[in-house]
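Data first, discussion second: the structure below is written as structure tokens.
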Amino acid sequence: MFEFGPIVRTLWRNKTGAILIIIQTALTLGIVANAAFVVDQRRQIIERPTGIDDQHLFSLQLAPLSETSFSYQDVQRDLHEIRRLPGVIDASFSNTSPLSNSGSSSDMTNEEDPQKPMAAMVDLYSTDSHGLNTLGLTLLSGRFLEEQEVTASSSFEDGSNSIKAVVLSRSLADKLYGKDVDPTGKLLNGLPVVGVVASAMVSYVAPGYTDGVAFIPRFATNYPPNYVIRCQPQQCEQLMVKVPELLEKLDPNRMVRNVRTMADNKHNSYRRDRSMVVMMTATIILVSAVTGLGIVGLTLLWVNQRRKQIGIRRALGATQLAIIRYFLLENVVITGIGIVVGVIISLAINQLMVQHYSMTALPVSYLLSGMVAVWLLGLLAALMPAWRTIRISPALATRNI
Amino acid sequence: MLSYYLQLAWLSVRRTPVMSLLMILTLAVGVAVSMTMLTLQHVMSTNGLAAKNDTLYALQIDNASAGDGGTSSGNKLTNGLPYLLSYRTVTTLLRSDIPLHQVAMHRWAAALSLENNQVRPSKELVRVTSRDFFALFGVPFIYGQVWDKSADNDARYQVVIDRTMNQRLFNGENSVGRSLQLDGRPYQVVGVVEDFNPLPSVQDLTQGAFGGNASIYLPFGLHRALQMMPYGSMTYSSSHPRPQPQEPLTPEQQYEQILQERYFWMQYWVELPDADTKNAFVSYLRNYFDEQRKTDFFERDFKYALSTPSQWLALNQVVSNDTRVMTWLALVFLAVCIINTIALLLAKLLKQAPETGIRRALGASRSAIFIQNLVESGVIGVLGGLLGIALSQLGLGLVRTLVSRDEAAVVYSDGLTLLLTIALALLASIIAGCYPAWRVSRTSPAYYLKNQ
């Protein structure tokens, strides 16, 4: 069938060039398959929904100039004034700037069944009754925290007993009580669970760092508070100037710091993943370009080298299409072998990445699509040089002999 | 002869401009991508304490709770040991006189201002440390000296600032005896030191590779007076439930618990000038550990690590796995580029084989042909290398837009990486040029003469 025999025999007699292209194709597949997998993984991490209204939120932190203790009355006054500003949907205090990847985390255990305690890593997020509406969370069952439940004390005072209620995110309730079990009304570490909200990322965005969020109505007087403000569309920008001015006016004896949108926080928290996406994508493009252009160049040289033979074949009755087919088929054979070797190289590269750099194993689907992509790349690269054989006239055969 | 070969090479490049450009670009991109990643890896593993690498050690003790099985939890390094110690442990260790110098420290933050409101108040990172910090890390004093030993045990409101801070607050004058305010409380300046800002901040990597440099240093005796909590991580871990007191504790008693119980938030460095002192320190450590193990303050068997600054950088994975993976992929990419160049160069030189045949027939030796062709590939290689250096600067520029601002400040090539780039470019071009040149020099002249 076709010219398989002659192609393989020709390549065999002129091995070096073909072998080089085979190795090159194999390495290219190794890079493309692994890099594409990493890119996809990181993109999935970056694009996970946060579950909060992160496009319309900003936060700021207060820092005292003198006394190190904050009064909750001041915080209530500040928040009350902020909520009255036009453009503000709601505002609440918190222990951290949401999505900043820093906050307070703790192990919690549900010991309802002492034989089978269920433990989870918890993102402990302090807020008030406005926390639900400020973050834009959905209440699934029970209720959210209430204003009179907020307790204000130094973190050195015995705080754990004074917490009057806790609201869990769905993912945390799943981990502590079982899938879709409603924990409302139960006790967690002695704290009454009063409600469940939809799963969301609040303090942390790092995947797997915590199992979910526990909202507690607690104000620590010895830590600088954060205010989280939810604005109407397009209002954040002006409010990020107005709110600090307002706070300055209410009490000049403090600094307003770290005025940041949640979009910025998200951007910073995902910086590593994003740079990996950019660098890996650049590598994929560059390696495809180098290999593609390399195949173009080499096929062009081969076409030029064989002009005389092509002329003879044409003179003996081969059609232009048959000549083009010959070169494409030759390319298919070479990249085909390269791809087979490339599968081994891809798996080897991936194995090294898994062993030494704690990456995940390469799924077969990426290998398969990588194979198709590299194969198509080779074919496309050979198309233009092969097309140029059309211009070789059969008359060439009659010259120079 | 060489200049003649160079002339021939240049003619040959000119004759096939597209092909030559393709080869030059391929080599350049390969060199640029791998050099960008190698430079990133190089600057991230810069050891600011290299001069004292043989005598300084960061201390880790296995103070994890008995039930703690995982090695991957957030408060441990890759050697499976927690990286933070408790206040109780470090204050006991500080009493030993075996190490030449030793430092217990943590990060803190405070609002900085001057009484006369001459500077705009700002929140500043503060290093709370025992007094050996400056001697151990080799930070010289410009004015004044370190606080008295008593300030590491009792509350003395004294402060040491660095040159930059002194410039900002006091216009660089001798500020010893003057005062600054932290959280509204006055502190007396007792000394001004040179800036100590290694990047990465090897002395403190607890808050990322660049988060450990402070311009303000406070003595270690202020904890109780200020109820200091770290500006950074603090973990509590114990397999026993926290003791529930009968009556509610006062804040002072609560804070004392943080100091005396299994709360981990301190870093410890020791300077051990020779093997004997090191052994003595380890056995001292073992005695202390075994004694505390009896009272169950330590819940696991004795395990420790003393890491040199370079080991410390590695343990903290300052060069992230992501960077390492990218570097390896970049090197594979360079291999692809070199192979690509070999294939193209080989095809090109073989095309010129008839000319070579004539030269051979006219009496040129094989080595002469080899050298002529090697010069031709060398020209391509050098051009590719030069372009590669330029492109790698572009690559580093791209990296700077991707990383954090602190990191971007160090992502520049230095003399070493520039030399390495040139070496890599030359090596790549020699590898790429040798085989094709050798192949062509082996061709038999008769075959090509026959075809003319």
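Every residue number used here counts from 1 along the chain in the order it is shown.
Just so you know, glycine gets a Cβ as well, placed from its N, Cα and C.
If you look up TrEMBL, you'll see A:18-39 (among others) marked as transmembrane segment.
Taken from TrEMBL, the feature domain 'MacB-like periplasmic core' applies to A:42-243.
Marked as compositional bias 'Low complexity' by TrEMBL: A:93-106. For the compositional bias 'Low complexity' (A:93-106), the list of distant contacts is 50, 52, 54, 57, 59, 61, 75, 79, 121-128, 131, 135, 201-206, 209-210, 219-220, 223, 225-228, 258, 260, 262, 265-266, 268-269: same-chain residues at least six beyond its ends, Cβ to Cβ under 8 Å.
Taken from TrEMBL, the feature region 'Disordered' applies to A:93-114.
Annotated transmembrane segment per TrEMBL: A:187-206 (among others), in sequence order.
For A:276-303 (among others), the entry in TrEMBL reads transmembrane segment. Away from its own ends, the transmembrane segment (A:276-303) comes close to residues 17, 21, 24-25, 28, 31-32, 35-36, 38-39, 42-43, 46, 310, 327, 331, 335, 374, 377-378, 380-382, 384-386, 388-389 of its chain (Cβ-Cβ under 8 Å, at least six residues beyond either end).
Summarising the annotation, TrEMBL assigns domain 'ABC3 transporter permease C-terminal' to A:284-394.
The transmembrane segment feature in TrEMBL is assigned to A:323-349 (among others).
What TrEMBL records for A:361-383 (among others) is transmembrane segment.
Taking DSSP states H, G and I as helix and E and B as strand, the compositional bias 'Low complexity' (A:93-106) has 0 helix, 5 strand, 9 coil.
The DSSP breakdown of the domain 'ABC3 transporter permease C-terminal' (A:284-394) into helical (H, G, I), extended (E, B) and coil residues amounts to 98 helix, 0 strand, 13 coil.
Confidence across the domain 'ABC3 transporter permease C-terminal' (A:284-394), taken as the mean pLDDT and rounded to a whole number, stands at 89.
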